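Q: Pasting the feature list from TrEMBL:
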type: DOMAIN; residues: A:148-327; note: domain 'ABC transmembrane type-1'
type: DOMAIN; residues: A:468-648; note: domain 'ABC transmembrane type-1'
type: TRANSMEM; residues: A:72-94; note: transmembrane segment
type: TRANSMEM; residues: A:106-123; note: transmembrane segment
type: TRANSMEM; residues: A:195-222; note: transmembrane segment
type: TRANSMEM; residues: A:266-288; note: transmembrane segment
type: TRANSMEM; residues: A:308-330; note: transmembrane segment
type: TRANSMEM; residues: A:351-373; note: transmembrane segment
type: TRANSMEM; residues: A:422-442; note: transmembrane segment
type: TRANSMEM; residues: A:449-466; note: transmembrane segment
type: TRANSMEM; residues: A:472-494; note: transmembrane segment
type: TRANSMEM; residues: A:506-525; note: transmembrane segment
type: TRANSMEM; residues: A:594-614; note: transmembrane segment
type: TRANSMEM; residues: A:626-644; note: transmembrane segment
Amino acid sequence: MAPVTAAVTAVATRLRGRKYLILAVLAVWVLGWALLHGRDTLELGGAELTPVHSSLNQGMDAIDDGRNSNPFFLYFVNYIRLFLDEAVTFVQALISQPSFGRPLPVLGWLGVTALATGVAFLYGNRKSALLTAAGLISFGLLGLWEESMDTLALTLTAVVLSLAVGIPLGVWAGMSDRFHRVVTPVLDFMQTMPTFVYLAPLTLFFLIGPASATVATMIYAIPPAIRITAHGIRQVSPDTLEAGTSLGATTAQSLRHVRLPMAKQTIIVGVNQTIMAALSMATIAALIDAPGLGQTVLKALQTLDVGTAFNAGLAIVIMAVVLDRVTSAASRRVEAERRAGRLLSPGRRRLQVTGVLGVAAFLCYLSYTYVWAAEFPAQANVGPYVRRAADAASVWVQDSLVGVTEAVKNLLTNGLLNPFEALLTGSPWWLVFAVAVAVALLAGNARAALATAIGLAVLVLLGLWQDSMVTLASTVVATVLVMVLGLVVGVWMGRSDRADTMLRPVLDAGQTMPHFVYLVPLLGLFGPTRFTAIIAAVIFAAPVAIKLVAEGIRRVSPTTVEAATSAGASTWQLISKVQLPMARSGVTLAASQGLIYVLSMVVVGGLVGAGALGYDVVAGFSQHQLRGKGLAAGLAIVVLGIVLDRVMRAATQRADAAAHGGQPHN
Amino acid sequence: MTNSRSGKVRALVLVTGMGLFLNACAGAKVGETAAPAAGGGSAKACGTLNLAINPWVGYEANAAVIAYVAEKNLGCTVVKKDLKEEVAWQGFGTGEVDAIVENWAHDDLKKKYIDDQKVAVSAGPTGNKGVIGWYVAPWMAEKYPDITDYKNLNKYASLFKTSESGGKGQLLDGDPSYVTNDEALVKNLKLDYKVVYAGSETALITAFRQSQKQQKPILAYFYEPQWFLSELKLVKVNLPAYKEGCDADPEKVACDYPPYQLDKIVSKKFADSGSPAYELVKNFTWTNDDQNLVAKYIAEDKMTAEEAAAKWVADNPDKVKAWLPKS
């Protein structure tokens with residue numbers, strides 16, 4: 001296969017006027033749509049099934065039935081389940097649930113706060129310690145201490161296990177091209193396969209309880225750890241590595257002394273994303289009885305109680321911010337102190353550790369023994385105020401902005417989304433197929449075209465062509481919006497530390513505030529429509545794109561920037577000619593992660609009127625007879641993700657090559 | 001710097017230590033006033049009742065009252081598990097769920113878990129009647145009185161146009177948990193409408209609220225009993241009346257949805273255990289009004305499930321008495 005694709009690519013590369021060719025292909029598409037409108041569109045009704053769906057359903061039933069007799073379950077899965085259950089229950093016993101015959105957990109609020117603050121102080125800095133203390137106390141003030149600790153227990157367990165698995169795999173993927181190629185589609189699969197598809201089957205494997213919730217969280221949280229670690233390892237400049245090799249460093253040595261230290265900051269971004277991903281699962285995992293704040297959110301949503309849901313969502317956001325800041329501070333600590341010349345001598349450091357831990361231990365003892373230090377005082381509860389304020393804000397927004405938002409929605413839907421969707425869904429499938437393959441070939445390379453052909457064929461086989469095209473239209477529109485935001489805000493953040501400090505909490509909130517909290521106001525503003533789904537996806541996906549672009553901009557070496565500035569480059573020239581081009585790999589990663597995050601919101605979109613694949617998945621989760629179709633829809637989402645990602649990467653590669661005037665390399 | 005820091009730390013230890021010690025001596029100790037152990041002196045040991053909680057308020061109302069009576073009158077330990085329907089049914093097989101106390105049909109799950117795997121049994125109706133159908137907001141029924149007859153829907157189709165409905169009227173379909181025949185109905189009743197999938201109860205309720213506030217037309221799939229109906233009295237559109245078997249072929253349905261007898265399902269093991277909690281679940285029946293009242297306590301008066309149940313039980317001692325096992 002490889003020689004063929006290489007040959008086709010070579011031919012395609014030699015073609016002149018590629019841009020005009022792409023335009024010609026698109027013109028043919030529009031013409032074909034006008035002539036053949038409505039033929040061969042492979043439509044399928046909401047409750048209709050194809051034989052493929054029915055047989056998927058039967059397959060899943062067969063797995064269900066085999067669970068009790070199959071040795072794979074008896075000996076392998078069961079042990080994993082036991083281990084996970086024990087791990088989570090143990091952490092819960094320490095901080096959130098009555099345990100060891102006591103009516104309260106081992107550590108009360110004072111103990112947990114003291115310990116966490118102490119750790120943040122010792123491994124981070126004074127600022128992060130203050131933030132930790134404030135954050136933990138705010139859980140109590142919101143009236144959600146126990147729920148928060150349940151969520152913390154589950155998240156910590158899932159994050160630690162995810163990192164234990166993810167970072168080594170990420171290092172491997174960073175060192176080995178072959179492993180990277182193998183693992184990338186698997187990660188795409190894990191991140192884009194909607195949780196709803198595997199949530200119900202998961203409880204068959206791991207039963208109802210913490211183990212299922214942990215596994216569900218890990219499936220979603222491991223990929224960023226692997227991906228971003230690999231990215232960090234790969235980014236280490238070849239010159240530095242060569243220098244190491246020429247000095248006779250072995251692979252292991254260069255990994256330990258060159259690659260890992262240089263990639264450390266990027267790896268921390270991965271840790272940060274892992275935490276965010278794990279916390280973003282808190283609500284969905286609550287559908288299978290995962291304890292904690294997610295349940296409060298879901299319960300509140302049954303009665304559209306935005307205030308209560310927001311209150312709990314706020315606690316999740318605070319938790320995310322605290323965990324993120326402490327990990328980042330820890331990563332910078334040693335370096336910062338050494339540079340400032342105030343690294344403590346070992347003896348002093350030991351004294352400091354002993355002192356801080358001593359205080360923490362004493363406070364832990366108090367919270368173990370005395371009720372006042374164990375149970376957060378119920379009088380100090382500002383939760384009701386937060387709730388009322390959030391309710392009022394939500395009602396105000398819905399009532400007063402609805403005129404404007406209606407207009408915006410109608411404009412974008414009728415002007416952009418509807419025509420694009422009509423073109424995709426109204427054309428015969430074979431026409432769309434041919435156009436997509438041609439565009440992938442012209443904009444990318446033969447391999448991307450092959451991936452497109454296979455992917456689209458799978459969509460046809462899954463019996464969900466039309467639904468896939470509807471979802472594709474919304475996804476493309478949402479991704480474009482995400483990248484516009486990502487570039488504008490990301491560049492701003494990358495260039496200005498103040499903007500960074502100001503925006504980061506907002507971005508963290510966008511990523512970790514449970515979708516369900518802001519869906520109600522969004523629905524009030526935009527109604528149950530595809531546009532609501534697009535907005536929800538942008539809220540969730542833009543932060544990651546922004547952060548990655550900013551990270552890329554920040555990594556551009558200051559000397560280069562200085563050189564350009566002294567050469568008289570204007571700000572705009574500096575951004576467009578120096579910083580963005582040099583941050584290209586960061587921007588590419590932002591685009592592909594942005595796309596994947598948008599796709600991971602397809603299902604949430606299904607809950608607010610996007611219909612199509614998202615609705616199929618949700619319905620499959622809720623109705624037994626639609627389970628097969630839900631699985632097929634989940635697979636279709638994954639396929640869309642892989643195809644779009646491949647085409648996008650190939651196109652960037654080609655653009656890069658063109659910019660350097662060389663041949664595109666595969 | 002380093003010197004003063006360790007000095008500060010030491011001072012901090014001393015000061016907080018002293019302060020806390022002085023405070024602490026006054027505080028109550030953990031475990032001293034432990035809550036009274038669960039399980040009063042009932043005639044027959046009840047043990048644990050694992051109650052699935054499906055995610056809607058009506059269900060929670062049933063579960064709250066059953067849990068309250070089981071704990072207070074029978075001395076059971078009730079463990080509530082928040083689960084979606086299908087996951088809850090799976091729990092029968094693994095022994096993690098004892099009872100589901102408001103089941104909407106789910107014939108396929110009944111076949112799988114009751115008939116085939118024989119891990120679950122029916123525990124009789126809850127007394128609640130489920131209704132599924134098409135509804136309009138109250139202001140519409142007032143303004144267009146004849147809109148409640150499906151024959152007039154085409155006349156009004158242009159009112160219901162939205163950005164999603166492709167030039168036709170929009171029929172908003174919603175909750176993926178329930179079976180819908182709406183696409184077939186639209187086709188077979190020759191209505192000029194397009195089914196748009198709102199995808200969740202939240203989306204439906206928000207749409208109805210906005211419709212009433214902004215006087216924006218809406219026609220949507222909904223159901224009773226539902227707490228939201230006590231906030232906004234939606235008006236049902238009459239489709240051709242349901243007759244036994246008229247929905248046999250899903251492609252050719254041209255009649256209203258059947259009335260649902262909501263029922264309770266328990267695990268086989270639980271039914272055979274002789275637990276008084278099983279008797280309670282089996283005997284439990286009440287009316288739609290009862291459930292709506294408790295649901296209203298929870299949804300609108302923001303009571304916790306326990307408070308709502310306690311209030312209702314205190315007001316209805318006779319009904320509760322009829323559910324208790326005769327011993």
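Please read every residue number as a count from 1 along the shown chain.
Every residue gets a Cβ built from N, Cα and C, even glycine.
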Q: Look over the recorded stretches A:195-222, A:308-330, A:626-644 and say which has the most C-beta pairs under 8 A to the transmembrane segment (A:594-614).
A: A:626-644
Q: Against which stretches of its own chain does the transmembrane segment (A:506-525) lie, if we need a Cβ under 8 Å and a gap of at least six residues from its ends?
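A: For the transmembrane segment (A:506-525), the list is 276, 279-280, 282-283, 294, 297-298, 301, 304, 306, 309-310, 312-314, 316-317, 319-321, 324, 394, 397-398, 401-402, 405, 532, 535-536, 539-540, 542-544, 546-547, 601, 604, 607-609.
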Q: Mind checking which residues of the chain, 6+ beyond the ends of the transmembrane segment (A:351-373), have their Cβ under 8 Å from one of its Cβ atoms?
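A: Cβ under 8 Å, 6 or more out: 104, 106-115, 117-118, 121-122, 344.
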Q: In the same chain, which residue numbers or ranges, 6 or more beyond the ends of the transmembrane segment (A:449-466), come under 8 angstroms Cβ to Cβ?
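A: Apart from its flanks, the transmembrane segment (A:449-466) reaches 1, 5, 8, 41-44, 50, 52-53, 425, 429, 432-433, 436-438, 440-441, 613, 616, 629, 632-633, 635-636, 639-640, 642-643, 646-647.
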